Amino acid sequence: MSSDTNLSNPPKVGFVSLGCPKALVDSEQIITQLRAEGYSISGTYDGADLVVVNTCGFIDEAVQESLDAIGEALTENGKVIVTGCLGAKKDAAGHDIVSAVHPKVLAVTGPHALGEVMQAVHTHLPKPHDPFTDLVPAAGIKLTPKHYAYLKISEGCNHRCSFCIIPSMRGDLVSRPVAEVMLEAENLFKAGVKELLVISQDTSAYGVDVKYRTGFWNGRPLKTRMTELVAALGELASQYGAWVRLHYVYPYPHVDEIIPLMNQGNVLPYLDVPLQHAHPDVLKRMKRPANAEKTLDRIRAWREVCPDLTIRSTFIAGFPGETEEEFQTLLDFIAEAELDRVGCFAYSPVEGATANDLPGALPDEVREERRARFMEVAEEVSARRLQRKVGQTLRVLVDEVNQDGGIGRSSADAPEIDGLVYIDPAAKASQRYKTGDFVNVKITGADGHDLWGEVA
């Protein structure tokens with residue numbers, strides 16, 4: 001095949017991306033490499049020469065969704081390569097789950113396996129002779145809107161929580177070199193990104209695997225450590241008038257060091273801290289650190305340093321052996337801590353998790369009932385805290401402009417998981433601001449999730 005033919009009719013790869021933001025970053029890296037090697041990305045099964053499905057395998061519902069997506073791709077296209085967390089899962093006999101259910105897939109890899117995925121693509125769909133490296137931006141190909149992006153700083157996790165199997169799929173913590181992280185952040189800001197969302201399995205543990213060794217960025221030393229990285233990212237973001245938001249922050253002692261940076265405006269006053277529960281006995285069964293009293297003290301101290309701090313967390317209701325008293329402790333904690341944003345999952349057994357062997361498994365209806373009670377309390381807390389913002393003027397990042405006005409997010413709202421700010425008036429909204437702009441909005445109303453306001 002001639003070079004001209006390759007250029008005019010490049011091989012086409014379809015892509016299905018499932019799962020969490022960490023998986024989304026993996027998808028972006030694969031798509032970036034595909035484009036760099038001259039492949040084009042097809043938006044339909046019919047138009048693709050083969051399909052890559054990036055899967056999730058964390059909970060049973062995600063496993064089924066991934067298996068269904070693989071089945072659909074096989075039916076609609078027939079040539080499918082599977083990657084992601086589900087690709088690393090084995091059944092009781094030690095066979096990989098994907099191949100057992102869908103034996104016609106071309107190849108199966110685990111998560112964060114760019115090299116293996118590309119090797120499989122090359123085997124079943126040879127790459128063209130002329131790479132389109134000049135068509136790939138320095139920031140890479142992104143699956144998020146142009147004005148925000150995820151920045152993954154590490155892979156894997158050193159924790160062994162009893163309800164989780166991520167370490168068995170993604171391995172132990174491996175931190176990215178600090179200079180590499182900073183370069184990616186700079187390229188993203190140069191490409192117009194206005195909000196950088198820092199993610200990992202455990203952001204607070206960044207650098208522990210390399211003993212916090214010192215790297216270099218722009219000719220100056222920079223430790224591979226969360227505090228130093230966050231400070232450098234905040235300084236860089238300020239040069240572009242952009243936001244930096246932190247996710248998956250475990251409440252280690254050194255987290256206290258970044259709260260002053262938030263109060264100074266270096267990074268957003270927003271902490272995503274996965275607490276999971278409040279009762280010490282449940283936390284022990286979960287193999288999680290901390291206890292409710294110490295956590296409450298930490299939260300109070302953080303808010304004294306940074307009064308505008310928004311705290312998001314996730315919890316599990318109905319964990320094996322959870323008594324009504326233990327669950328009530330969790331409800332009391334939520335009310336007293338006044339967490340701004342929370343998510344709650346009814347416990348769901350995950351194949352391969354050690355929590356499956358714990359006694360006291362609760363019926364589905366009990367788990368769901370407790371989740372509903374939890375969310376009722378959490379929404380009351382959220383409504384109270386949001387009501388306090390009425391009358392304030394907030395800086396809002398615009399996500400969408402339509403005939404009804406603008407829709408955006410404040411510093412308290414991460415994309416997809418938190419609330420929204422609805423911006424009035426609708427008249428001439430598209431002439432006053434556009435997606436990706438920052439606008440000042442005076443808040444005029446609130447409910448349990450969202451805010452309403454007018455351009456100030």
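From the backbone N, Cα and C atoms, a Cβ is placed for every residue, glycine too.
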Matching residue for the [4Fe-4S] cluster 1 site, where Swiss-Prot names Cys20, Cys85 - out of Cys56, Cys157: Cys56
Summary of DSSP states over the domain 'TRAM' (387-456), given as helix, strand and coil counts: 5 helix, 33 strand, 32 coil
Rounded to a whole number of Å, the separation of the Cα atoms of Cys20 ([4Fe-4S] cluster 1 binding site) and Cys157 ([4Fe-4S] cluster 2 binding site) comes to 15
What are the other residues, in sequence order, whose C-beta lies within 8 angstroms of the center of the C-beta atoms of Cys157, Cys161, Cys164 at the [4Fe-4S] cluster 2 site? His159, Arg160, Phe163, Ile165, Ile166, Pro167, Gln201
If you count other CB atoms within 10 A of each CB, which of Cys20, Cys56, Cys85, Cys157, Cys164 wins among these binding-site residues? Cys85
Under DSSP, is Cys85 ([4Fe-4S] cluster 1 binding site) helix, strand or coil? helix
Among Cys157, Cys161, Cys164, i.e. the binding-site residues, the one with its Cα nearest that of Cys56 ([4Fe-4S] cluster 1 binding site) is Cys164
